[in-house]
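Q: Just dropping this structure here.
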Ligand SMILES: Nc1ncnc2c1ncn2[C@@H]1O[C@H](COP(=O)(O)OP(=O)(O)O)[C@@H](O)[C@H]1O
Ligand SMILES: O=C(O)C1=C[C@@H](OP(=O)(O)O)[C@@H](O)[C@H](O)C1
Ligand SMILES: [Mg+2]
């Protein structure tokens, strides 16, 4: 069986962008939990959070993770999926989990250039670079706890794909 590949990491690390390219390269299908749940709710993340709070969004996110998971799939998750112990364990047990790791300045630069407010309502009410720094400080250990592999996500997308594929090959050979 071909295990699904879960991409995790902070907002702006490239889970969605790299995930599409990785799926193409592996001959897998691609799915993004945020796209899936926005489609199902017929609302943006910002609208869901406004009506149901972050707790409502997080419940929908776990439901999306469970619903989409199947073999031969690259699954781009949302940056906060690792906040739940259940989600971290679920991903580790059902597939290979890759942490796309990038420094605060790289993440903030990407988010400032392309904020996508409907997808990424503020988490702290603070300016982007302050928020990225604060949120990463609390989540980095959770990403590492969930991940089978950590890759450098500050590289161009195809270089990130190559690093993920090399890690998966090494794991298969060992
Ligand atoms: N490796 C990369 N190099 C340069 N820009 C990137 C890279 N990955 C993503 N981006 C850009 O950063 C922004 C956020 O990317 P996205 O894939 O939506 O991140 P995520 O899903 O992790 O929040 C987009 O504008 C995207 O084009
Ligand atoms: O970091 C987070 O808590 C979130 C990240 C977003 O996804 P991306 O990481 O794809 O931007 C989206 O799931 C939601 O706004 C919450
Ligand atoms: Mg995304």
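Count begins at 1; order follows the chain as displayed.
Placement of Cβ uses the backbone N, Cα and C atoms for every residue, glycine included.
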Q: Can you pick which of 58, 120, 172 TrEMBL lists for the same ATP site as 12, 13, 14, 15, 16, 17, 155?
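A: As annotated by TrEMBL, 12, 13, 14, 15, 16, 17, 155 share the ATP site with 120, chosen from 58, 120, 172.
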Q: Among the residue ranges 97-111, 112-126, 127-141, I'd like the one that TrEMBL describes as region 'LID domain'.
A: 112-126
Q: 79, 95: which one does TrEMBL list with 34, 58, 139 for the substrate site?
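A: When TrEMBL describes the substrate site, the candidate it includes is 79.
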Q: So which one is it: of the binding-site residues 15, 120, which has the fewest other Cβ atoms within 10 Å?
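A: With the binding-site residues 15, 120, fewest surrounding Cβ atoms within 10 Å: 120.
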Q: Which of the binding-site residues listed here (32, 34, 58, 79, 139) have a Cα atom within 10 Å of the Cα of residue 13 (ATP binding site)?
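A: So the list reads 79.
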Q: On the 0 to 100 scale, where does the mean pLDDT of the region 'LID domain' (112-126) fall?
A: 96
Q: Out of 34, 79, 139, which of these binding-site residues is nearest residue 12 (ATP binding site) by C-alpha distance?
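A: Nearest by Cα distance to residue 12 (ATP binding site): 79.
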Q: By DSSP, what is the split of the region 'LID domain' (112-126) into helix, strand and coil residues?
A: 2 helix, 0 strand, 13 coil
Q: To the nearest Å, how far is the Cα of residue 15 (ATP binding site) from the Cα of residue 34 (substrate binding site)?
A: 11
